[in-house]
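> Features from Swiss-Prot:
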- 1-116: domain 'CMP/dCMP-type deaminase' (DOMAIN)
- HIS48, CYS78, CYS81: Zn(2+) binding site (BINDING)
- GLU50: active site, proton donor (ACT_SITE)
Amino acid sequence: MEQALKQARLAFDKNEVPVGVVIVYRLNQKIIVSSHNNIEEKNNALCHAEIIAINEACNLISSKNLNDYDIYVTLEPCAMCASAISHSRLKRLFYGASDSKQGAVESNLRYFNSSACFHRPEIYSGILSEHSRFLMKEFFQKMRSTID
């Protein structure tokens, strides 16, 4: 999760919502890809950290199925990202801070408990959540101060 937090800090420094992700091969715990939100730079609402990382991982291993991989995310995934995690069949999801507005794992939609979900990863929440929450709070304070 520390590496995902480093990615979130990179996003913060680029004025992107500070969400970071790493995907790890379960058998040796090696990070195969890391990413962060890139929505503003790419001018593309689909460029969430999870989507970028899943796309890169699938390309790297030449497979749409990531059964032997885990994903670490600094913020609870939204509905789009939760669906991508399910469709790519990631084994385990570890995330930091909950997202009371857009979170779709445990906060709101609970995508993985819905009938629309065909693969449910093992879910572990609250991993270094205080660091993720602090970074999000700092980011939105910074954004509000530039608007004023």
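Every residue, even glycine, has its Cβ placed from backbone N, Cα and C.
How buried are the listed features, and what sits near them?
The average pLDDT for the domain 'CMP/dCMP-type deaminase' (1-116) in the predicted structure is 98.
For the recorded site, CYS81 (Zn(2+) binding site), the DSSP three-state label reads helix.
Look at GLU50 (active site, proton donor): DSSP puts it in a helix. Counting every protein chain shown, 26 other Cβ atoms lie within 10 Å of the Cβ of GLU50 (active site, proton donor).
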> Between the binding-site residues CYS78, CYS81, whose Cβ has more other Cβ atoms within 10 Å than any of the rest?
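Answer by Cβ density within 10 Å: CYS81.
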> For the Zn(2+) site given as HIS48, CYS78, CYS81, which other residues of the same chain have their Cβ within 8 Å of the site's Cβ centre?
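Apart from HIS48, CYS78, CYS81, the close residues are VAL19, ALA49, GLU50, ILE51, PRO77, ALA79, MET80, ALA82, ALA84, GLN102, ALA104.
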